Each structure stands twice: as structure tokens, then as C-alpha cells.
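TrEMBL has this to say about the protein:
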| type | residues | note |
| --- | --- | --- |
| BINDING | H184, H282 | protein binding site |
| BINDING | D201, D212, E339 | Zn(2+) 3 binding site |
| BINDING | D212, H275, E308, E339 | Zn(2+) 4 binding site |
| DOMAIN | 1-40 | domain 'C6H2-type' |
Amino acid sequence: CPKCAQLKLPREAAAFCSQDCFKAAWASHKSVHTKVYSLTSQLSQEGWKYCLKKGRTRTMELPRFDWTGPLRPFPISKMRLVPDGIEKPDWALDGIPKIEPDSDLQKRVEIKTPEQIERMRETCRIAREVLDAGARIIKPGITTDEIDRVIHEETIARGGYPSPLNYHFFPKSCCTSVNEVICHGIPDARKLEDGDIVNIDVTVYYKGVHGDLNDTYFVGNVDEASKQLVRCTYECLEKAIAIVKPGVRFREVGEVISRHASMSGLSVVKSYCGHGIGELFHCAPNIPHYSRNKAVGIMKAGQTFTIEPMINTGLWRDRLWPDEWTAVTADGKRSAQFEHTLLGDGIRS
């Protein structure tokens, strides 16, 4: 359908076997265009717009892009507010981290004090509660913006700040990555559909430290290939966690994950990695999830870091959407991810 192509609608609902077939279906098919125009008009009036340039720019029109799969961005709502009484990281007001980029913890791995570790445990427990609250509303017909609203409200209710909010201008309180989105998907007005998979990535800032985790969930009835992808990705994380203890080289994490993923015919994303975490959102060490990586250093008691394998059904390579946040698979096939914040002693934070 030429109009569907102009509106960048998914090919599955816009392709016809012949011109005669297209003409016969036109009377009912054309209502799809009206619904899209109606939704766009309604959302525009309510302040919903498409995101561009890492969240610094908005537009009324769907950006032009060579989309790799059937998923498309939808308009996003305005940035949610955080009450004055909540302790905030230094990027909350202007979107620019001040301490993190130049910290010496970008080059050396911090050994946390028992007091810091206890604060991180408390923050990670809150992050788990928040993630579970978001997961409970997942079902066909729910928008990822509604998930973001729940994550935001549940974080605030516990006295925390949603770390992603305005971090380098990221416009939402969590990341929601659907189907071919590898990571950093921006919650928007798209309704989840039966058969989707969706990752919710939550980080909470509380008592001066961050706690980071994510899970991938099924939406309704999911095909067997997607179930296998999600199952294998979870197993990759569990196998990586099992080797965490003092003396293990960080590079071994990638060997364990890559070995298990390849046994299932899946690929490991190389563009993103696990990271140190604590009073900084991101710091040393960097922990690649693929084999034959060049990560340096060994695990030690008192270190805190994340492991977050991203596994694809097709090629490992990724592309960025025009919002400059959303990373999608280069071939449009599905991707899954799981993440935990860990203590180098061999204990999950």
C-alpha cells in the first residue's frame, strides 16, 4: 500500500498479493490510515512528540530512517517530574553529568567500604521492587510509556531517583526495549502486542548510590524461537554470575557467555558491556560479554559491577535510531537482555 509506505507502517499489515487483492481490501484497509492520523493528532495536542538527538529535540513527524525491522518509534510524553525532597544526581537539572566523566574511577576499580556496600544492597533491593512493579502491568495493549509511569512513581514512592532520567538528556525514567531493540529503548505511545518480548531496564539512585538491573518479559503468547532466545539469555547471565569471585579475570565473563550463546546458535552483542557502578552510574571496569575480549584486571572483594549480556537471534551488529539512544539489531531480528549488579566477593548485590 503506497499510503502505508508513506506512513512507515509495518509491512505485515500493508502488503497484498496482487493489485486486485489490494482493491478488494481497500474499503476496510483505508481505516488504518485514519487511525494513524487520529492517534498522531491526539498525541500532538497532548504534547507527545517523536524524540531526536538523545532527547534534546522533539518533532511532530516520524523521522526518516532505513528501519531494520518491523518496529517503529512512537511519540513520547513530556519528561516526568521528581519532587524537591528527593536526592538527585548531578545531571537531574541540565542533563549533563559533572563528576562521572572526569572521575579517577573511570581508570581504576573502586573497592567499596562495608558502609557503601550496605547502601548499594538497599538500593538494589528497591530497584528490584520497582522492576517487579513495572513487570506486573505487562500485557497486550499496555504502552511502554505506562510502564515508565509505574517505574517512575514506584521509584519516587520509595524515596529514590530514577537514574536514567535526564542522564545525557535521556527523556524517561527507564529503558523499554521491544523485539529487535537491543538496549536503551525509549518508552513511548506504542501499545505492546501479543507475541512481543520487552526488556525493562531500571536503575535507582538512593542514598548516594545506584542499583542497576533488567529483565526481559513475554507479552502474551510468544513464539518458540523468542522463548529460546530469552531462556538462553537468562542462562548466560546465570552462568556468568556463577564464576564471579575474587581472582577471576574480567575477560572470563565474555568467554562463558559467548560459549553458551553460540551453543544455541545465537550471537552476543559487542557494542555494549557491563560496567562498574556505585556512587557513579558508570565507571570502571568495563566487562565485555563476548569471547576473546581484551578486558583487563581481576575481580576483587568489595568491587561492584554489572553483568548484562545482550543476545541476538541473528547478527550481533547494531544500528542507532534517529533518537540516538535506541540500539536495534542490524538485521531486524530479536534481541534479549538480563542484568544484575554484583559484588566481586561472588554475591549478588
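Glycine is treated like the rest: Cβ placed from N, Cα and C.
Unlike curated entries, TrEMBL annotations are predicted automatically.
Quantities reported herein were computed from a predicted structural model and do not represent experimental measurements.
Within 10 Å (C-alpha to C-alpha) of H282 (protein binding site) lie the following binding-site residues from D201, H275, E308, E339: H275. Within 10 Å of the Cα of E339 (Zn(2+) 3 binding site), the following binding-site residues from the list H184, H275, E308 place their own Cα: E308. Mean pLDDT of the predicted structure over the domain 'C6H2-type' (1-40): 65. Annotation for H275 (Zn(2+) 4 binding site): spatial neighbours H282, C283, A284, P285, N286, I287, F305, T306, criterion Cβ-Cβ under 8 Å with sequence separation of six or more. If you measure from the Cα atom of D201 (Zn(2+) 3 binding site) to that of E308 (Zn(2+) 4 binding site), you get 10 Å. On a Cα basis, E308 (Zn(2+) 4 binding site) lies 13 Å away from H184 (protein binding site). Here the binding-site residues are D201, D212, and the one with the most other Cβ atoms within 10 Å of its Cβ is D212. Here the Cα atom of D212 (Zn(2+) 3 binding site) is found 10 Å from that of E308 (Zn(2+) 4 binding site). Neighbouring residues of the recorded Zn(2+) 3 site, listed in sequence order and excluding D201, D212, E339, comprise C175, V202, T203, L213, N214, T306, E308, T341 (Cβ within 8 Å of the Cβ centroid).
E339 (Zn(2+) 3 binding site) has a Cβ environment of 22 other Cβ atoms inside 10 Å.
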